[in-house]
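Quick look at what Swiss-Prot annotates:
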type	residues	note
SIGNAL	1-24	signal peptide
DOMAIN	28-240	domain 'Ch-type lysozyme'
CARBOHYD	67	N-linked glycosylation site
ACT_SITE	125	active site
CARBOHYD	170	N-linked glycosylation site
REGION	226-303	region 'S-G-S motif repeats'
REGION	236-303	region 'Disordered'
COMPBIAS	236-292	compositional bias 'Low complexity'
COMPBIAS	293-303	compositional bias 'Gly residues'
């Protein structure tokens, strides 16, 4: 009888864990510029509305986010225990080539700063003057991802159905990594199959479904993973006027092909300081997908 009770308790714990994971599906992301201006009360508000935060740690022009330690600390103190980082690297940006050196520098800095994080997302999108030929770009992105993995980092890819082929052509050798895709359809679900089936991916890990909106007085992008049933939509997410692009630099023009691919997709905020402020082209085909089995909910990167 005791054995049966123990089995029942174990099964119950597993079911409860699954329920907690599925219901905790709302996330936000923002740039390094936005992250340094968030007050303690805003952090608390963001943590009460989301279970996950993704913070920019590297921009092609500005490189390593020197404030990342204090920003991650503020997120932890607010209650976030699922903290991801994203890095926008570009082959033509100073200090970004080769990709292996840029990733090694990034990981070394994170280790020196004692940063605890879950997943590192490699941001792949267009910006003015950031990239070379598609085949060279593909080699660069693959080198970045594989270098990060080789250093013991949990790594995924962020992109969209429009930005991916514009940047890396038909690259499909990274589909075993989690994919976070952008498609601005105001719909926290994975029902938009056509927008994440690119680059060899067939299922997503996370979706950026609203770009450059306002939550708790902070300019953010809205994302979801899991069921998405409790995530905000445009009718309920805004709390004041937006304060600017959630990520990406204010310098540069909207270069990411403003109407390529399907409407309302592409990343609104992750460009580098040297590239476009909205390099993900507000209307470029969406999509960051990635294998659902590697959604970045593990124990974090060991660096």
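Just so it is clear, glycine is given a Cβ too, placed from its N, Cα and C backbone atoms.
Features as recorded by Swiss-Prot, highlighted on the structure.
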residue: 67; record: N-linked glycosylation site; DSSP class: coil
residue: 125; record: active site; DSSP class: coil
residue: 170; record: N-linked glycosylation site; DSSP class: coil
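The Cβ of residue 170 (N-linked glycosylation site) has 12 other Cβ atoms within 10 Å, all protein chains considered.
Of all the Cβ atoms in the protein chains shown, 33 others lie within 10 Å of the Cβ of residue 125 (active site). A gap of 14 Å separates the Cα atoms of the residue listed as 'active site' and residue 170 (N-linked glycosylation site). Around residue 67 (N-linked glycosylation site), the same-chain residues six or more apart in sequence whose CB sits under 8 Å from its CB are 32, 35, 36, listed in sequence order.
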